[in-house]
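Visitor: Take a look at what TrEMBL says about it:
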type	residues	note
ACT_SITE	269	active site, proton acceptor
BINDING	268, 272, 291	Zn(2+) binding site
DOMAIN	1-161	domain 'Aminopeptidase N-like N-terminal'
DOMAIN	196-413	domain 'Peptidase M1 membrane alanine aminopeptidase'
DOMAIN	494-807	domain 'ERAP1-like C-terminal'
SITE	354	site 'Transition state stabilizer'
């Protein structure tokens, strides 16, 4: 549509050569463009016409040539190996955020929606897919080996959701209860491995239809596994693309955590079909609406399909604590962030948009209640379908449905960065307990000392030992300080804030309140998610220097009877952080002893082999504990791991998928060049990408310097898919002190190649974070900063700042607490003094 007379048309276009362009006004002569002026920096082209184009509608025709690139963005080629061992290429797309313009000239912004009529001319023995169903397939007149495949017209949609795939695939299919045809496309010969995702998808579509009370709007949905794929998956409308490891499950060779991962990713991408695709964010500033929402509801959906996963407890460990770790930094950013250039868009696909977004939506859902929340969601989706919306539009719909001040509360969480720390103390007054609450911004560097006083509106729940699973009181804290009276609470009863660890804040208890909660950890009367939250808050307070690390180590020892996988998983992460920190001291061995002491009782209880009646979480826990003990050099674990590894390699007794990671990491950590060669051989022989990735992630555990080099060289070899190089290098950096130095040097030495490979994408940010986050002296922070000043990576700029901040925080933590920690370890080993 020409809105006002002009002799130019400006549109997005990148890496494309236009041959001819013309504009034909309705019922008038076609006008040929006489000039194409490319603005490469802005990824735009200006078409100039010899005469003025008048107001009205018409048809713009462009004949152009583009490149099937190797950048894993735009229209690109993905390398795969056929069952007979030939190397071939599939042609696939990845357009989010700003890469549809690499496939065809267009107006590449989320708010400029259109319908798309797509046809593909492809070799006749290839599968061709797009967003919609095929409506026609006919021989191509100029070449008998080609066919022209025509797809139905799409609904009104954004460019970043358009997709097409041409390649060789098998599929499995089902109809969901609401009549949608669901297919999962797999590499040839692996259709079986699509069945698990197919089941999840067929169950999930009706779940969402019911939850939103809006039907899925397309006739079909395809889920397809792509060999070379930068992200985990992409929600293209009706044609969702995945990494193989996020979609394929082999009943024999896939571990429990892979199943869970596939279920979550399928749930996430299908949620986008409504939230994102049917209603799209107005501009990238509101990306978090898409991602935060899908990252929350994927858990709701998995909980519906697999209640035995206890997935909401895992949410706290996987998303909530991760977001808080990042958001406590001075270099964090608000959930709603203004975005200009495409390189700034790439940068916001981070833990704030996804994990903090999901956490504040979980808090909001809890504050509103499920029924009103669903009512509000339905209002929102119905009002804005096939249109665009901003954050405030969602608040308005939820406010209408619930009658609560949603916008006022939520603006404090999405428009300012960071989150509060609540300090609480209690005073007994006869039969009542009087609580005094104070909120301040929580900072990773210690108590907040800023000039301004950021304030949050915080939904707070309080429970007591009377009933740890039920809120005795719920309030909205909307001022800096608050006094609350809890009636009929005896002096010996404990009080805890943030029931279910739902509120996005950390809690600092007065010493006596904390003391009274420790027995509730030991006797498990506190629910798992609350035990986890308590430990995690305490650990981050120690990291920030607000409490001493020794205090945390004491509390960690209270977890001896802990049965819950997720609680152990979080504890294990924190011990890992501490272990990395102490690798910079001369008493690193002492923390390994501590780890063995903490983990060996549960290790002995679990043993190596699954017992009858065990489930998903037991398998995850066993893998976690054995891996932790093995890495720390626990003698019995190491011997058993070596024995089982030998049997596995010799084919006498194949390791179950759940035991592979722990066994591999243990034998490598304490292995030699023969061990490494054996692992590389297993890698080469592995038919499944999941097994290749499993090996790639643990190779960095090897400790001899020359073998570390060998692993780093392997990372850039043809044997490793480009998107997986990052996890090999990251594994080396996280494997040992030598590994960290070697990985950082390797990244610097190979910077050109690595940067060209991932330019602009989020993988470059991930690479930087994994490589340098573990350093702990001021000199290293300066070195990292200097390197990226002379080797700029625009889309990773914020990541570099966050890493430098983390290195300085580590250095301060080490200075502050190392000696006390050492003393604590020594005194644990000392024989009790004679009385």
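Sequential numbering from 1, following the chain as shown.
Note that Cβ sites are derived from N, Cα and C of the backbone, with glycine treated the same way.
All TrEMBL annotations are machine predictions without curation.
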Visitor: Measuring Cα to Cα, how far is residue 272 (Zn(2+) binding site) from residue 354 (site 'Transition state stabilizer') in Å?
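Guide: It is 13 Å, counting Cα to Cα.
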Visitor: I'm checking region-level scores; what's the whole-number mean pLDDT for the domain 'Aminopeptidase N-like N-terminal' (1-161)?
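Guide: It averages 95.
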Visitor: Apart from 268, 272, 291, which residues in this chain have a Cβ no more than 8 Å from the mean position of the Cβ atoms of those residues at the Zn(2+) site?
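Guide: So the additional residues around the site are 235, 269, 271, 275, 276, 290, 293, 294, 295, 298.
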Visitor: Determine the Cβ neighbour count for residue 291 (Zn(2+) binding site): the number of other Cβ atoms within 10 Å of its Cβ.
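Guide: Taking all protein chains shown, residue 291 (Zn(2+) binding site) has 23 Cβ neighbours within 10 Å.
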Visitor: Determine the Cβ neighbour count for residue 354 (site 'Transition state stabilizer'): the number of other Cβ atoms within 10 Å of its Cβ.
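Guide: I count 23 other Cβ atoms within 10 Å of it.
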Visitor: Calculate the distance in Å between the alpha carbons (Cα) of residue 268 (Zn(2+) binding site) and residue 354 (site 'Transition state stabilizer'), and round it to a whole number.
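Guide: Pair distance, Cα basis, whole Å: 11 Å.
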Visitor: Cα distance, residue 291 (Zn(2+) binding site) to residue 354 (site 'Transition state stabilizer'), nearest Å?
Guide: 5
Visitor: Counting across all protein chains shown, how many other Cβ atoms sit within 10 Å of the Cβ of residue 268 (Zn(2+) binding site)?
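Guide: Other Cβ atoms within 10 Å of residue 268 (Zn(2+) binding site): 26.
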Visitor: Please report the number of other Cβ atoms within 10 Å of the Cβ of the residue listed as 'active site, proton acceptor'.
Guide: 27
Visitor: Quick one: pull the CA-CA distance for residue 291 (Zn(2+) binding site) versus residue 269 (active site, proton acceptor), whole Å only.
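Guide: Spelling it out, the Cα of residue 291 (Zn(2+) binding site) and the Cα of residue 269 (active site, proton acceptor) are 10 Å apart.
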Visitor: Looking only at Cβ atoms, how many others are within 10 Å of the one on residue 272 (Zn(2+) binding site)?
Guide: 24
